[in-house]
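Per Swiss-Prot, the features are as follows:
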- HIS115, HIS119, ASP309: Fe cation binding site (BINDING)
- LEU137, ALA138, SER139, GLY140, GLY141, ASP170, GLY183, ASN281: substrate binding site (BINDING)
Amino acid sequence: MKILGIETTCDETAAAVVTVGEEERGRILSNEVLSQIAEHAAYGGVVPEIAARAHVEVLDRLIARALQRAGTTLPEIDGIAVAAGPGLIGGVLIGLVTAKTLALVARKPLLAVNHLEAHALTPRLTDGLAFPYLLLLASGGHTQLVAVKGVGDYVRLGTTIDDAIGEAFDKVAKLLGLGYPGGPEVERQAQNGNPERFALPRPMLGRRQADFSLSGLKTALRIEAERLEPLASQDVADLCASFQAAVVDVVVDRVRVALRAFAGVAGHPTALVAAGGVAANGAIRRALAAQAGEVGLSFVAPPLPLCGDNGAMIAWAGLERLRLGLVDDLTVPARARWPFAEAAPAA
């Protein structure tokens, strides 16, 4: 079984072909990604109109390249998976219309994938992970702790009440005059900084629910930065290190709460998983691995190229759905918002 995956929900244009190898393990035959960082850098963030136009310009060629590098052709593909949301609606529409056209012309099943679900299922592609597992899904637009019980069966244990983790990193980078994208720049600066110089708050620590709040942390950093202006290079590094250390502490505390809640909705987890762009952050990965070890769990995070948006995760989610007979018709809509996990019942 071979699935073509198409991803256009934000500022990466991606296409990939995924299959199932020995012992039903996933295998990536090709994974083509074109980033739009250069197009958006001058604006300090993603401009939806620019993103949509960039998708239009390259998507057809990228799909052709993905098929070629996979050593296959469209008639040999068993299904066409596409991220139908959530995301910037212009980009989502471009990917979805392209996938619908290919499915119609080639007479292949259309598999409309939730972009967040694709992140959630990535460890099954990379590590063959069994259900259920606890997922920290953290990106520029989303931060959630989810009990992943099965394909299409997700229980949200916690979410952010304001900024997503990746969004907070990006805003801090912009405030400090760092480059775009902000997350990697903050992490790079933090490597040369003192994480104990600034006593930044750890919002929500000790709360019974597994929710996040990062706006107060971001405000506290801004106050410190304004107090020190003009900022020396060491000031910037120390601010980044202190901010990152605070985020790590918050993440670990929230994960502890979610682990306690997990048993009530899904039994015993097979692993602690991090996915999404923020899962590429080394400090967060190390802290989560240590936390998992403390409670006797393995820690799983995708290889760095699969943390960000990519076509392989879309293709894999489509493959998982196709194996269950979950096929979509050509009227499936594009969605700017598309929650993928139900909230856990109130305690």
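Backbone N, Cα and C define each Cβ position, glycine as well.
Worth saying up front: this structure is predicted, and the values here are computed from it rather than measured.
Every protein chain considered, the tally of other Cβ atoms within 10 Å of the Cβ of LEU137 (substrate binding site) stands at 27. By a simple count of nearby Cβ atoms, those within 10 Å, the most crowded of the binding-site residues HIS115, HIS119 is HIS119. For the binding site of substrate, formed by LEU137, ALA138, SER139, GLY140, GLY141, ASP170, GLY183, ASN281 according to the record, the largest Cα to Cα distance is 17 Å, rounded to a whole number.
Secondary structure at HIS115 (Fe cation binding site), taken from DSSP and collapsed to helix, strand or coil, is helix. Taking the binding-site residues SER139, ASN281 in turn and counting surrounding C-beta atoms within 10 angstroms, the largest count is reached at ASN281.
Sequence-distant contacts of GLY141 (substrate binding site), defined as residues of its own chain at least six apart whose C-beta falls under 8 angstroms from its C-beta, comprise CYS10, PRO86, ALA164, GLY166, GLU167. Across the structure, ASP170 (substrate binding site) and ASP309 (Fe cation binding site) place their CA atoms 17 angstrom apart.
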